[in-house]
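Worksheet: one structure, shown below.
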Amino acid sequence: IATVDCSDYPKPVCTLEDMPLCGSDNITYHNKCYFCNAVAHSNGTLTFSHFGKC
């Protein structure tokens, strides 16, 4: 099972690196930074679904 380590987040600025991944909310995040910031702000309700677009 693939996981994403978000322990270093949230970060104030994300790069524009294009490595999409899909969250449990069925939203495609541009890269790990955007996803992990969303996880941090979701109070643990958002989880990783899979790499690539939803």
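Just so you know, glycine gets a Cβ as well, placed from its N, Cα and C.
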Let me make sure I read this right: Swiss-Prot says Cys6 forms a disulphide bond with another cysteine. Which one, out of Cys33, Cys36? Cys36
State the disulphide partner of Cys33 as given in Swiss-Prot, choosing from Cys14, Cys54. Cys14
How long is the line from the C-alpha of Asn43 (N-linked glycosylation site) to the C-alpha of Cys36 (disulfide bond), rounded to the nearest angstrom? 11
Densest Cβ environment (other Cβ within 10 Å) across the disulfide-bonded residues Cys22, Cys33 belongs to Cys33
Can you tell which of Cys6, Cys14, Cys36, Cys54 has the most other C-beta atoms within 10 Å, given these are the disulfide-bonded residues? Cys36
Cys36 (disulfide bond) sits from Cys14 (disulfide bond) (Cα to Cα, rounded, in Å) at a distance of 10
As a quick check of your reading of DSSP, tell me how many residues in the domain 'Kazal-like' (4-54) are helical, how many are strand and how many are coil. 10 helix, 9 strand, 32 coil
